[in-house]
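Asker: Annotation comment: TrEMBL describes 1-21 as signal peptide. The domain 'Purple acid phosphatase N-terminal' annotation in TrEMBL covers 69-181. The annotation domain 'Calcineurin-like phosphoesterase' is assigned in TrEMBL to 193-405. Annotated domain 'Purple acid phosphatase C-terminal' per TrEMBL: 473-520, in sequence order.
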Amino acid sequence: MFLTMTFRWFLVFSVSIAVAAIDDDLIPSTLDGPFEPVTVPYDVSLRGNAVDLPDTDPRVRRCVEGFEPEQISVSLSVNYDSVWISWITGEFQIGNNIKPLNPNTVASVVRYGRSRVPLTDEASGYSLVYNQLYPFEGLQNYTSGIIHHVRLTGLKPSTLYYYRCGDPSISAMSDIYHFRTMPVSGPRSYPNRIAVVGDLGLTYNTTDTIHNLKSNKPDLVLLVGDVSYANLYRTNGTGSDCYDCSFPETPIHETYQPRWDYWGRFMQSLISRTPIMVIEGNHEIEEQVGKQSFVAYSSRFAFPSEESKSSSPFYYSFNAGGIHFIMLGAYVDYSKSAKQYKWLERDLANVDRSMTPWLVAAWHPPWYNTYTAHYKEAECMRLEMEELLYSYGVDIVFNGHVHAYERSNRVYNYSLDPCGPVHITVGDGGNREKIAIEHADEAANCPEPSSTHDEDMGGFCATNFTSGPAAGKFCWDQQPDYSAFRESSFGHGILEVKNETWALWTWYRNQDSSGKVGDQVYIVRQPELCLGSIKLPKSLFADS
């Protein structure tokens, strides 16, 4: 049991050009040591497409009638044998006098099978309607269409399924779509490609990101927070480039919920056939009267929370072949005494590394970030959770939030550690807010410590470094040795796990042709090098 807790990745080498062919025999099996940090200059011209798609764009307009399904998506359950199908029927309403639709008037049915015709199986689910309410003069209220979630069970691994969703009793069924289930869990069983993206929004940069992502034909999409950016808009539909300064004269921070519907319509061509797994970001908070928050996020997506024994849509886990994914919430309580931490302890203790050798974690704000944007913002979360994740041998961490790309060497507690995870920030999906350019280690860029606090993430924990080259300072004087590569460009990443020993990570810039890559690295597991090097907290052995 204890041997399976210390599996690790080992960074072998990185390249900045595409690899045409990969041969297992050519992959080095030993650690060459940390690489020289790399920074690529920012090209100002890349900012030009950070303009939101208007509601007149045909890709975001409603193209169904009555209660026909739209915004169709697939998401995973805990294992290969189950998925969720989600969609919306009926039109949203926004204005001063709105009347919510009755979700009980439209059934939630999915017909599916391994042949396109006939669809021999049928499943039913549940439906809901949510509201975003602002009882203030001049602010408009919103009520959604009817949101449906249906879980399909008893599926076979690595199998193509066809499906239609809707209500057959009122002749309101969708066209026929298809998806492929995940492989069975095992040390040599993996999805071909997993796309990882963050901070998408719905700009022309976003359309480039999704176009490029589609060309890589992923089997799964991981979205690490900040989805629609509806909270950059007032309820009258006018927008802003700045989250903090958008609404200085309004009684509450408004959101323009139709942006969620536009996003769902735009993404349908991808996520109706490729499962998407989402974790919340700060732009999903969307507080309204009565202190309600995360309402759109919690309503529009289906999460395997119950299946993974979580009591919340803000943290959950699932398997994709031989990878166990842990999705964590940075904007709900993550302290050691909180429900999330206790759930994480139980989930990690139950991972069978003989069946899922790879352990991947994801949440929105990065712990290891060298940009001035959000520098050390998630320090409280790191101090609470890093030891636990390290103790159980998390191999890689994905984050967003910082609107740029950065990949770390293996790191633990700000020190290079061959048994620590690789941290990758992909908050470069293409949203409307400005791209991150400045680095905290550059002259005169180090932020004032008190300015790094985010009230949505808890207390203030950022302090000066206590050891190493930056001892006694709040920032490094040069790119830290744990920062392997960073660049201010929009893009997306692709993870290809080949077997229990090695994987390939590739980051693609939006401005490059499909045949080029911006960053590429082989990652190799050598668990024997870390045996006995990890001190497991006593709490990990306590009865849950």
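Heads up, the Cβ atoms here are built off N, Cα and C, so glycines get one too.
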Asker: Mean pLDDT, the domain 'Calcineurin-like phosphoesterase' (193-405)?
Answerer: 94
Asker: What is the number of residues in the domain 'Purple acid phosphatase N-terminal' (69-181) that are helix, strand and coil, as DSSP sees it?
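Answerer: Counting residues by DSSP class gives 6 helix, 55 strand, 52 coil.
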Asker: Could you break down the residues of the domain 'Purple acid phosphatase C-terminal' (473-520) into DSSP helix, strand and coil, giving a count for each?
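Answerer: Taking each residue of the domain 'Purple acid phosphatase C-terminal' (473-520) in turn, the totals are 0 helix, 22 strand, 26 coil.
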